[in-house]
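Per Swiss-Prot, the features are:
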| type | residues | note |
| --- | --- | --- |
| TRANSMEM | 10-30 | transmembrane segment |
| TRANSMEM | 67-87 | transmembrane segment |
| TRANSMEM | 91-111 | transmembrane segment |
| TRANSMEM | 127-147 | transmembrane segment |
| TRANSMEM | 164-184 | transmembrane segment |
| TRANSMEM | 195-215 | transmembrane segment |
| TRANSMEM | 220-240 | transmembrane segment |
| TRANSMEM | 250-270 | transmembrane segment |
| TRANSMEM | 275-295 | transmembrane segment |
| TRANSMEM | 325-345 | transmembrane segment |
Amino acid sequence: MNSGFYLHESLVFFLLTVFALAFILGIFLGKPVIRWLKKRNHYDQVQKEYCEKLEVLHQDKKYTPTAGGILFFIVLLLTIFFWLPLGKLSTWLFAFLIISWSSLGWYDDIVKKRKKKGHGISAKQKFVLQLLISAVITTAVMYIYKGTSLFYTLRVPFFGSVSLGHSVLGQVFYFILAVLAIVGTGNAVNLTDGLDGLAAGTTCMCAFGLLVVAVTSTTIPLATDIPVLLTALLGVSLAFLKYNCSPAQVFMGDTGSLLIGGVLGSCAVMLRAELLLILLGGVFVAEAGSVILQIASCRFRKKRIFLCSPLHHHYEYKGVSETQVVKRFWTAGFFCMVFGIIAALWR
């Protein structure tokens with residue numbers, strides 16, 4: 001990619017071009033992907049035996065194809081190879097995170113398809129693989145940033161950069177934080193993907209928030225490349241909503257949700273915005289937090305906090321329609337995005 005594209009006056013035009021191509025490609029490839037998934041009988045097999053009411057509410061979703069996240073995989077991979085130079089380490093780092101996260105999700109979707117009750121690989125297996133992928137990405141980022149001031153700092157919302165010190169202990173702390181940020185985001189998006197359009201719409205807002213952080217972080221080594229990946233994610237997410245809004249023609253499955261979470265978490269690590277992601281992705285945090293609290297409460301108190309978890313199912317259980325739940329969560333996601341951007345730009 002010609003570095004001239006990143007002159008200040010042409011940045012917006014360039015990113016709009018990236019967005020437009022990703023969006024058009026997503027719209028164009030959407031129907032062929034859905035047809036292909038139907039031919040391979042990639043339908044949602046997961047049974048909600050933990051909640052009979054949800055089983056009834058989602059009865060009409062049984063014959064909706066899943067693993068539509070392959071659309072994200074295709075568009076994101078084509079985007080980075082089209083716009084970024086093959087000789088740059090960042091290009092191959094992006095390719096690795098796209099391929100690895102989508103492959104893990106695809107494998108999980110395949111296992112779900114083959115099992116009678118639609119359960120994928122075990123939580124332990126998935127967690128170990130997520131840790132390995134995230135560790136590789138974090139190691140690569142730390143290698144790229146070694147020797148720069150960013151190697152020793154952490155961005156804290158409203159307070160700016162905070163020094164981690166030059167000790168090995170500080171770097172070990174950051175490594176653990178970064179790995180957990182990527183793994184946590186992957187799982188949080190995965191948990192959010194339970195209603196038509198919910199995860200894709202929330203992704204648009206979180207990706208836009210991180211994009212603002214990226215284009216204003218001129219001192220970060222990867223700041224010229226990260227916007228390309230985030231803009232492409234924003235474009236394909238909006239395109240996917242055409243097929244995923246209620247009534248959904250396709251679900252993203254783990255192929256899409258883990259890939260999206262992996263991209264958002266990895267970009268946050270590259271931008272040193274791990275803590276900021278908690279604000280920008282507040283809906284994802286709330287969804288994951290509701291599951292953690294529910295499990296902890298059932299284990300130690302023998303009581304449920306929510307009628308059903310993740311949080312969006314709690315509201316469904318209370319009688320709120322699916323479309324209303326999605327609209328409210330999108331609204332919450334918008335305010336989280338605005339608050340996160342303010343926190344990022346606060347000096």
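The backbone N, Cα and C atoms fix where each Cβ goes, and this holds for glycine too.
In summary, the transmembrane segment (325-345) does not lie against the transmembrane segment (67-87): fewer than three C-beta pairs, each 6 or more positions apart in sequence, are under 8 Å.
Counting only same-chain residues 6+ beyond the ends of the transmembrane segment (275-295), those with a CB under 8 A from a CB of the stretch are 154-157, 181, 184-185, 187-189, 191-192, 202, 205-206, 209-210, 213, 261, 264-265, 268, 304-306, 309-312, 314, 329, 332-333, 335-337, 339-341, 343-344. If you count C-beta pairs under 8 angstroms between the transmembrane segment (220-240) and each of 67-87, 91-111, 164-184, 250-270, the highest count goes to 67-87. Counted over residue pairs 6 or more apart, the CB atoms of the transmembrane segment (127-147) and the transmembrane segment (67-87) come under 8 Å in fewer than three pairs, which marks the two as apart.
Long-range contacts of the transmembrane segment (164-184) within the same chain: residues 127, 130-131, 133-135, 137-139, 141-142, 151-154, 261-262, 265-266, 268-269, 274, 277, 288, each at least 6 residues beyond the stretch ends and with a Cβ under 8 Å from a Cβ of the stretch.
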